[in-house]
Amino acid sequence: AAHAHSPPQHAQYGPCALRAMSVMEALELLDGLVDESDPDVDFPNSYHAYQTAEGIRRAHPDKDWFQLAGLLHDLGKVLALFGEPQ
């Protein structure tokens, strides 16, 4: 399958040289972002990640990979804090 990112972005972010962080740190950073797709939400962005993962866990307790995907699905939005458009 073709890679979805353009070559300049892949070159810039592929090596992960901008900043190293844990998943938990990235989730905390997302809490400081106003999501353009949902600007009126009054709870932190990490809450949505946990809510999604928990909903998947209840519906699919045997699919831990799916639960993890629910937790991580919005982490790419952290790039908006480094100048990328949402």
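Cβ from N, Cα, C; glycine included.
Feature annotations, reproduced from TrEMBL:
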type: BINDING; residues: HIS48, HIS73, ASP74; note: Fe cation binding site
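Feature map: annotations from TrEMBL on the structure.
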residue	record	Cβ neighbours (10 Å)
HIS48	Fe cation binding site	17
HIS73	Fe cation binding site	14
ASP74	Fe cation binding site	19
Fe cation site, defined by HIS48, HIS73, ASP74: further same-chain residues with Cβ within 8 Å of the Cβ centre: ASN45, ALA49, THR52, GLY70, LEU71, LEU72, LEU75, LYS77
